[in-house]
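Enquirer: Dropping the structure in here first, questions after.
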């Protein structure tokens with residue numbers, strides 16, 4: 001093609017030269033427009049001022065909307081309340097080191113104050129201990145420097161991580177901490193296992209809580225489910241560090257490891273737990289759901305043929321609400337029973353005031369007129385049967401021993 005036959009170069013849109021010069025045209029040679037492809041025609045139309053088509057507008061609009069949809073969608077997902085909460089958490093974390101310094105300063109100031117009072121009491125001829133107790137009264141809580149481990153295992157099943165919200169997961173973490181504390185400081189305690197410890201719950205303990213759980217003594221965390229944890233617990237209880245048959249088990253010295261059983265505790269069970277047995281494993285559901293998933297623990301156990309039972313709250317306590325307890329309350333009640341062997345007293349020392357728990361009148365009369373050892377036998381005869389649901393009509397489920405776990409796991413895998 002010769003120089004004079006070539007079309008003029010099309011100038012870019014928006015340039016000042018394009019507006020000052022004469023209108024530009026394409027196809028200086030006849031028939032050139034017909035020879036061009038549709039794509040080239042479209043491109044050439046976009047390059048001509050005022051020649052933009054509807055298709056070009058449609059292609060530009062989604063691009064602009066895509067660029068603006070991202071931030072709007074993000075803002076819709078995060079509410080103002082969540083933003084404020086996140087800001088508070090960031091502020092709390094930022095001042096962590098500052099709080100440590102303040103605590104150390106307060107501790108040092110308190111020690112210095114006690115030392116000054118001690119010296120002052122000695123100069124005045126007074127008893128320093130009495131003077132210090134007046135200003136710094138000792139706590140009345142009983143502390144046991146050394147606990148006695150019993151051949152009994154408590155497993156907290158945390159396999160409900162996907163069913164909980166973030167705030168419920170935070171609450172469960174607090175309940176696990178309190179459960180460990182109650183079991184650890186008790187005069188008689190059992191083996192404590194946290195099963196299905198994974199996903200977001202584990203992430204919270206390792207990040208927000210700075211792995212403080214790794215320093216807990218007498219507790220084991222495992223990613224396995226509660227059924228596998230129960231099998232391993234049976235082997236541990238038979239070992240040299242399995243525990244001693246003392247305290248509440250001192251009259252069961254003839255108990256054998258094969259007599260132990262596995263029980264999943266749930267308020268939906270028709271069977272009531274009467275006592276804790278040596279070499280047995282009790283599973284507690286680690287779920288905080290505000291009763292959204294009712295009966296899920298009971299269903300989980302019955303599908304595998306595991307025995308279920310509920311604490312005897314209805315026999316001793318008059319409740320103002322549904323007898324569903326937090327995980328740490330269940331652990332505390334069982335630990336207190338190991339010390340007292342008295343369900344009524346264990347409930348009264350553990351239940352929070354908001355539950356409105358009070359001893360039933362029939363139980364009060366029993367405790368006043370009947371020796372502590374005979375309370376259980378009188379209860380079975382029907383002394384308090386009028387105020388509790390009839391559980392004798394339901395035949396207790398056959399106990400599952402640790403030997404049966406392999407068969408249960410095989411059936412679970414086959415399904």
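Start at 1 and count along the chain as shown; that gives each residue its number.
Glycine is treated like the rest: Cβ placed from N, Cα and C.
Not my notes, these are from Swiss-Prot:
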| type | residues | note |
| --- | --- | --- |
| REGION | 1-84 | region 'Disordered' |
| COMPBIAS | 34-46 | compositional bias 'Polar residues' |
| COMPBIAS | 62-73 | compositional bias 'Polar residues' |
| DOMAIN | 140-358 | domain 'SAM-dependent MTase TRM10-type' |
| BINDING | 265, 266, 285, 289, 290, 291, 292, 293, 297, 311, 323, 324, 325 | S-adenosyl-L-methionine binding site |
| ACT_SITE | 289 | active site, proton acceptor |
| REGION | 354-415 | region 'Disordered' |
| COMPBIAS | 361-379 | compositional bias 'Basic and acidic residues' |
| COMPBIAS | 401-415 | compositional bias 'Basic and acidic residues' |
Enquirer: Between residue 265 (S-adenosyl-L-methionine binding site) and the residue listed as 'active site, proton acceptor', what C-alpha distance do you get in Å?
Expert: 17
Enquirer: If the S-adenosyl-L-methionine binders are 265, 266, 285, 289, 290, 291, 292, 293, 297, 311, 323, 324, 325 per the record, what's the largest distance between their Cα atoms, in Å?
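Expert: Binding-site diameter by Cα atoms for S-adenosyl-L-methionine: 21 Å.
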Enquirer: Pick from 285, 323: which of these binding-site residues has the biggest number of other Cβ atoms within 10 Å of its Cβ?
Expert: 285
Enquirer: Express the distance between the Cα positions of the residue listed as 'active site, proton acceptor' and residue 323 (S-adenosyl-L-methionine binding site) as a whole number of Å.
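Expert: With the alpha carbons as reference points, the distance is 15 Å.
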Enquirer: How does the model score the domain 'SAM-dependent MTase TRM10-type' (140-358) in terms of mean pLDDT?
Expert: 92
Enquirer: Around residue 290 (S-adenosyl-L-methionine binding site), how many other C-beta atoms are within 10 angstroms of its C-beta?
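Expert: Step by step: centre on the Cβ of residue 290 (S-adenosyl-L-methionine binding site), count other Cβ atoms within 10 Å, giving 10.
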Enquirer: Please give me the CB contact count at 10 A for residue 292 (S-adenosyl-L-methionine binding site), counting all chains in the structure.
Expert: 12
Enquirer: What does DSSP call residue 289 (active site, proton acceptor) in the simple three-state scheme?
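Expert: For residue 289 (active site, proton acceptor) - judged by DSSP and reduced to three states - the answer is coil.
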Enquirer: Measure from the Cβ of residue 325 (S-adenosyl-L-methionine binding site) and count the other Cβ atoms within 10 Å, all protein chains considered.
Expert: 21
Enquirer: Return the residues near residue 297 (S-adenosyl-L-methionine binding site), defined as same-chain residues 6+ apart in sequence whose C-beta is under 8 angstroms from its C-beta, sorted by sequence, else 'none'.
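Expert: Set apart from residue 297 (S-adenosyl-L-methionine binding site) by at least 6 residues yet with Cβ under 8 Å, we have 157, 264, 265, 266, 268, 285, 287.
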